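Record features (TrEMBL):
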type     : residues  : note
BINDING  : C52       : Zn(2+) binding site
DISULFID : C52-C124  : disulfide bond
DISULFID : C54-C153  : disulfide bond
DISULFID : C64-C178  : disulfide bond
DISULFID : C180-C227 : disulfide bond
DISULFID : C185-C190 : disulfide bond
DISULFID : C198-C219 : disulfide bond
DOMAIN   : 52-178    : domain 'NTR'
REGION   : 1-23      : region 'Disordered'
SIGNAL   : 1-49      : signal peptide
Amino acid sequence: MSPGGPVWSDSPPQAQSGLCSVMPRSPRTAPSWALLLRLLALLRPPAMGEACSCAPAHPQQHVCHSALVIRAKISSEKVVPASADPADTQKMIRYEIKQIKMFKGFEKVKDVQYIYTPFDSSLCGVKLEANSQKQYLLTGHVLNDGKVFIHLCDYIEPWENLSFLQRESLNHHYHLNCGCQITTCYTVPCTISAPNECLWTDWLLERKLYGYQAQHYVCMKHVDGTCSWYQGRLPLRKEFVDIIQP
């Protein structure tokens, strides 16, 4: 499991409470990072004091729903207060990063120097390796104050763990097919309820989310509006030919 992957038990992911589902999907409605921490703390069930549960999402969904997608190395880390209020005991980890490439978020930020995550792992804080040669794919949120916020329910993977198709799709294929709906299949029978839907069966077949289908397939939209899984090299639009190599 990657340092940014969901924490699952042996039960299907759908049975677990999605504490991180309170995170905003749209950066235009995102609160400040300090307020967001307090919201997570208030909504955490007492019986799950040290737990962080996440709603399942295919890598394509993560890219489509995230405000920011970058490739980066972690230069350093520092624990900082969540706000300027002396009475606020919440802490954040501030990672200083070296941005290698931005795949999404150009309209929000040009170059990311710092990313923030909760210090408390029960609030879905992310632990990354600093001062190493490891590179990460990071998806996250741009808050109202301009800070980049990541949490455990984002898609965060060591770059070396990504398949060729995943790396290639970060530039174009995921973005082009955000109109497709990916539905996680936990038990049989699984049926498609809409023509633009793809069934994601990694949990059913491999008992893990990021299995072969997540690594080697894209849910692709066709000219008639239907969607289906596609494996292998995808046909490129002309404007993407020059940026195929991440």
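Keep in mind that glycine also has a Cβ here, set from the backbone N, Cα and C atoms.
Proximity note: of the listed disulfide-bonded residues (C124, C153, C190, C198, C219), C198, C219 have a CA within 10 Å of the CA of C180 (disulfide bond), given in sequence order. Note on C198 (disulfide bond): other Cβ atoms within 10 Å of its Cβ, all shown chains, come to 25. Secondary structure of the domain 'NTR' (52-178) per DSSP, as helix, strand and coil residue counts: 23 helix, 46 strand, 58 coil. Close to C153 (disulfide bond), meaning Cα to Cα within 10 A, are the following recorded positions out of C52, C178, C227: C52. Here is what falls inside 10 Å of the CA of C198 (disulfide bond) among the disulfide-bonded residues C54, C64, C124, C227: C227. With respect to their backbone Cα atoms, C219 (disulfide bond) and C64 (disulfide bond) stand 12 Å from each other.
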